[in-house]
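Record features, source TrEMBL:
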type	residues	note
DOMAIN	28-242	domain 'Rhodopsin'
TRANSMEM	13-32	transmembrane segment
TRANSMEM	44-66	transmembrane segment
TRANSMEM	78-102	transmembrane segment
TRANSMEM	114-136	transmembrane segment
TRANSMEM	156-181	transmembrane segment
TRANSMEM	193-216	transmembrane segment
TRANSMEM	222-247	transmembrane segment
Amino acid sequence: MSSSGPTLAQIEVVNIVLAIVAVIVTSLRLCLRARKRRLWIDDMWAALSMVFTFMLLIADCLYLQYYERYPQDTRIALYYMVAQSFYAVVWTSRLSILFTVVRLTVPGTYIRKALISTAVTFSVVWALLFSQLWWVCEAKSDWKRQPHPQCDIGRSVAIAQIITDVLGDAVLIFTPFSLIYRVRLSSPQKIRVLAVFSASMITTIVSLVHAYYIFSSGGTKVIMAAIVEASVSLIVANLSVVIAFFFRLLSAEDDSTPGSIVTFGSLPKKRVRDPLATTITGAESAPIVLEDLSQLHPCSLKTRDEDEITLSINQGRQTKTD
C-alpha cells in the first residue's frame, strides 16, 4: 500500500463521520415516509443502502485499524468486504433515486416500463461490477501476501466504473428533466425542483476522482475516495424527500397561510393492479397539481395526488389547468 495520501486514521475518521451523516439523513427520510404511510420501493432501496453503509463502516474499521489482529485469510476477506460493500451502497442508492422517479409516473405507461427496465439494467451492471472485482483480483496473487492486502484492480475496473457511473447518473439526472421541463413554473420554482435531481452530478464528480486514483495507483487515496463516494451516493438518494420536508417547514414559518404546493406524483383514489403502484392511503386535502405535461405526453406523469416530490412555493399561487 502506498505511503502517500491520507493516513489510515484519517480515513477511518472520514468514514465514521460521513457514514453517520448518511445514516441520519436516511433515517429521517424513512421516518418522514413512514409517518405519512408512503413507504415504497425507493425507500426499501434506501434502507438497504443504509444497511450496506453499516457493513462498509464496520469492515473498513476492521480492515484499516485492526487488521494485524487477524490471520492473512481474514485480512483478504475484509478487503473484499470493503470493496463489495462499496459497490452495494453506490448501486442501491442509484436504484433508490431511480424508483423515486418511477413513482412519479402513471402505472402501465411506456415511460414507467422503460424506467423499470432501466432498474433491471442497473442491477445487472451491479452484478457485473461485483463479478469483475473477483476475477481481476483472483487472477493475481501477490497482493494477498501483503501485510495489509489491497488488490491493484487496474485500469479495466476503473474504466468500467467511469462508464457505468457516468451513464447511470446521466439517466438519473435527465429522466426527471424530461418529465417536468414543459410544466409551467417560474424560474425559481423550476430550479428548486430540478436541483434536487441534479444532485446526482455530485456523485459523478466523486466517482471520477475515485477512478482517477485507481488509474494512478493512489493507495490510500483510493480507499478515501471510495468511502466518500459511497456516503455521498446515499445522502444524495435522500435529498428529494429531505429537501421537500425542509421547504415545507420554511413555508410554514414564513407564512401563516399555506403557500402553494407544487406536487409531482400521485396518490390513486382506487387500487391499481400495477405491482409497483404507490402505497394507497386516504387523501387528507386536495393538492394543487401540475398537469401541463399531459398536453404533450398524456398519462405519462401522474396528475392527481400529493405523493412525492412536494416543494413549498411562496412566490405566488400555482393554479391547476384544465
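Using N, Cα and C of the backbone, Cβ positions are placed for all residues, glycine too.
Remember, it's a predicted structure, so these values are computed and weren't measured experimentally.
Ranked by Cβ pairs under 8 Å to the transmembrane segment (156-181), the stretches 13-32, 44-66, 78-102 are led by 78-102. If you look at the transmembrane segment (193-216) against the transmembrane segment (222-247), you find at least three C-beta pairs under 8 angstroms, all six or more positions apart, and that counts as contact.
Ranked by Cβ pairs under 8 Å to the transmembrane segment (78-102), the stretches 44-66, 114-136, 222-247 are led by 44-66. Here the domain 'Rhodopsin' (28-242) returns a mean pLDDT of 88 for the predicted model.
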